[in-house]
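Quick look at what Swiss-Prot annotates:
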ACT_SITE  Arg96  active site
ACT_SITE  Glu99  active site
ACT_SITE  Ser122  active site
Amino acid sequence: MIQSQINRNIRLDLADAILLSKAKKDLSFAEIADGTGLAEAFVTEALLGQQALPADAARLVGAKLDLDEDSILLLQMIPLRGCIDDRIPTDPTMYRFYEMLQVYGTTLKALVHEKFGDGIISAINFKLDVKKVADPEGGECAVITLDGKYLPTKPF
């Protein structure tokens, strides 16, 4: 039976335990996701408390991380999503995304509405991918793909 969580702390505590086990075992998120049939980003999102994993995937990652049965069950429960505090992020990486939306948010909104009309980009029917690519000027760049279904506003 599908179960749901009403308290974000239990999943955040589990995420802390998962990250500790991941570090002790020297595993990458890609290695943990391997064999689940799910995207690395989706499995990572679940391990950090923002998604529910199917039972088979939860058992597989649970075995890789030496999680107990209760933790494996928690990974399958629908979480209380959106655990970022209602304040400006202080973590430098998360702040840069906040900053990007502050700078480019109105541009993204204008371009999306111009190309699609009034509506939103789904965060439910959504895919996320992060790639590291060489910068022709030296160093490396992050290519972040946000792929969400467009949902038009419907008058009623």
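In case you wondered, yes, glycine gets a Cβ from its N, Cα and C as well.
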Other C-beta atoms that fall within 10 angstroms of the C-beta of Arg96 (active site): 12
Alpha-carbon distance [Ser122 (active site); Arg96 (active site)] in Å: 22
Cβ contacts of Ser122 (active site) (under 8 Å, same chain, 6 or more positions away): Gly148, Lys149, Tyr150, Leu151
DSSP-derived structure type at Glu99 (active site), helix or strand or else coil: helix
All-chain count of other Cβ atoms within 10 Å of Glu99 (active site): 13
